[in-house]
Amino acid sequence: MSGRETPAGAQPGRRRRRRGRGEQPMVPDARFSSYYGRPVLNTPTWKPLDIAGYLYLGGLAGASSLLAAGADLTGRPALARTAKLGAAGAISLSLAALVHDLGRPARFLNMLRVLKPTSPMSMGSWLLAGYAPLTLAAAAGEVTGRYRLVGSAATAGAAVLGPAVATYTAVLVSDTAVPAWHEGYRQLPFVFAGSAATAAAGLALAAAPAGQAGPARRMAVLGTALELGAFHLMKHRMGLPAEAYERGRPRTLLRAAEALTASGAALALVCGRLRDRRPALAAGAALLSGSAALRFGVFHAGVASAEDPRYTVLPQRERLAARGS
Amino acid sequence: MTGDDDTPRMGFFTDTSVCIGCKACEVACKEWNAIPEDGLELTGMSYDNTQRLGSDSWRHVAFIEQRKPFGGPEPALTHEDVDVFAAASRLGTDPGSPDGHTELRWLMASDVCKHCTHAACLDVCPTGSLFRTEFGTVVVQEDVCNGCGYCVPACPYGVIDQRRDDGRAWKCTLCYDRLGVGMEPACAKSCPTESIQFGPLQELRERAAARVRQLHTAGVTDARLYGESPDDGVGGDGAFFLLLDEPEVYGLPPDPVVTTRDLPAMWRHAALAAASLAALAAAGFARRPR
Ligand code: SF4
């Protein structure tokens, strides 16, 4: 038996040889093999609306808390009100989305059963357990106008935790085997930070009077620069899985995100000088929807990269070749 | 990671070179663990209708049909000098095929959860439902799992999955219930060729190394171990394999890495990004107070 197997096994031509070392992973290898083209990874079971929505709303809330605290400090009551209500509303919706996505929603409290630094979802649950009540207290203080001290303390606390709420979600998706998420772990938190800033700025532009929205306008422009810059860098550094961002539905979503965010920021630049409210409303809508489109684009790109075995196998082959084994 | 002091770490060594593709392991696993049916489909992927590991397939036998030349002489342009009677007399005994035809090589391999030393599924599980047993294996506690689904994209091998109707995550337990009473897992018990071997990991590693040496000596130079090295990206698998081709041919990742290896760096980047966001907001307020 082994006599028959011998010549079959000993065929040198079948060994895949890598020419490209290290830096040209964009070139697909013709000799790539897979098991009937089946994915190596199991596809994320997360529902797009719930989880991409969760990423988006978390960002909107976190950055809004910063605006709220700043507005309180600098005497911009209308901006503070918008941002506080926005943060409380967004984080409540995002928690609802998270619970809705669970296979066993009734067991959502099991999230607080342990505190696990190796699990971003555990850390995030504890973070939200601290943050959400603060935003609610800040919003309640704003609406009732009572317990001012408690309200200000809650606003300040939410502003401290807000940036973490906006960026930890990048760790959440990067800490997986999904190539288009994991390989972007260095830049994705910055993309999400920028996207959070544009969303919160968009809400403030649309809902607060122009006279108080100056910080939001500047936040929109800076956030756009951070988001687009970090995203560009991420795709540039990622290697082969970056392709997943450039094809099909993710591509459409991300192109739309780019166009909406950039035009929203441009409008934000000029609308401070206009009497008309409509440009500010349009800027706000563009920024809010641009940020949402970005999260959905990133989500779907990850799923697409998990479903194609090339994105799993080829970078690993490159790695092995670079190690010389 | 070893087992407890008094319990050695237990695992599987799946020697695919003797697998005959009977799927007894798949059936025994389904029966013992009362796993629901997950579709009866004819795929055309050789004899593989199970297709992949998942919430309702904890063993999966892969079938790969390959055409490989059998090392006969190069095909001649003319056949005048071929003695057909002599060639016929060698039929069935001589692997060489004078006309250069290739022959089919049929690879079969029973895949399973790798029970990683550094298990991503366990690391990312937010409820503590996934845990490390006294046998060094990785098991889901179904009364704790809340179906968050995080383990699914975390596993670098595409093993664990969520049951749609039930909502929770399921995978091979290495028959935790059977191990507890000193029995071997159902798949290993049912395997007629001892392709699936169960035992203390240390012993299995030695046995596997000897088997590879034996195959290499016999000329099967394709034989290689997969997942046995404690130095790989997951710290070695509790269930490892002897393969006859590259891992990706079997649908296995060639160089899997536990995603949480990069987690400290991820947290650092996220902290920097959070600080940037705060700075960006502050910059928005710092200019010209209105
Ligand atoms: S193979 Fe996947 S499911 Fe099994 S222990 Fe490793 S990470 Fe977990």
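Using N, Cα and C of the backbone, Cβ positions are placed for all residues, glycine too.
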Joining B:C145, B:C148, B:C151 at the [4Fe-4S] cluster 4 site recorded in TrEMBL, out of B:C125, B:C172, is B:C125
Listed alongside B:C29, B:C172, B:C175 for [4Fe-4S] cluster 2 in TrEMBL, from B:C19, B:C187, B:C191, is B:C187
Nearest to B:C175 ([4Fe-4S] cluster 2 binding site) by C-alpha distance, among the binding-site residues B:C22, B:C121, B:C125, B:C191, is B:C191
Secondary structure split (DSSP) over the domain '4Fe-4S ferredoxin-type' (B:136-165) reads 4 helix, 5 strand, 21 coil
Candidates B:C113, B:C116, B:C148, B:C155, B:C175, B:C187 (binding-site residues) with CB under 6 Å from ligand 1, in sequence order, are B:C113, B:C116, B:C155
Expressed in Å to no decimal places, the gap between the Cα atoms of B:C191 ([4Fe-4S] cluster 1 binding site) and B:C29 ([4Fe-4S] cluster 2 binding site) is 11
Using a 10 Å radius on the Cβ of B:C113 ([4Fe-4S] cluster 3 binding site), the other Cβ atoms enclosed count 25
Keeping only the binding-site residues of B:C22, B:C29, B:C113, B:C121, B:C187 whose C-alpha lies within 10 A of that of B:C151 ([4Fe-4S] cluster 4 binding site) yields B:C121
For B:C25 ([4Fe-4S] cluster 1 binding site), the close binding-site residues (Cα within 10 Å) drawn from B:C116, B:C125, B:C148, B:C155, B:C187 turn out to be B:C187
Among the binding-site residues B:C22, B:C25, B:C145, B:C155, the ones with a Cβ under 8 Å from any Cβ of chain A are B:C145, B:C155
So B:C29 ([4Fe-4S] cluster 2 binding site), by the Cβ count within 10 Å over all chains shown, scores 24
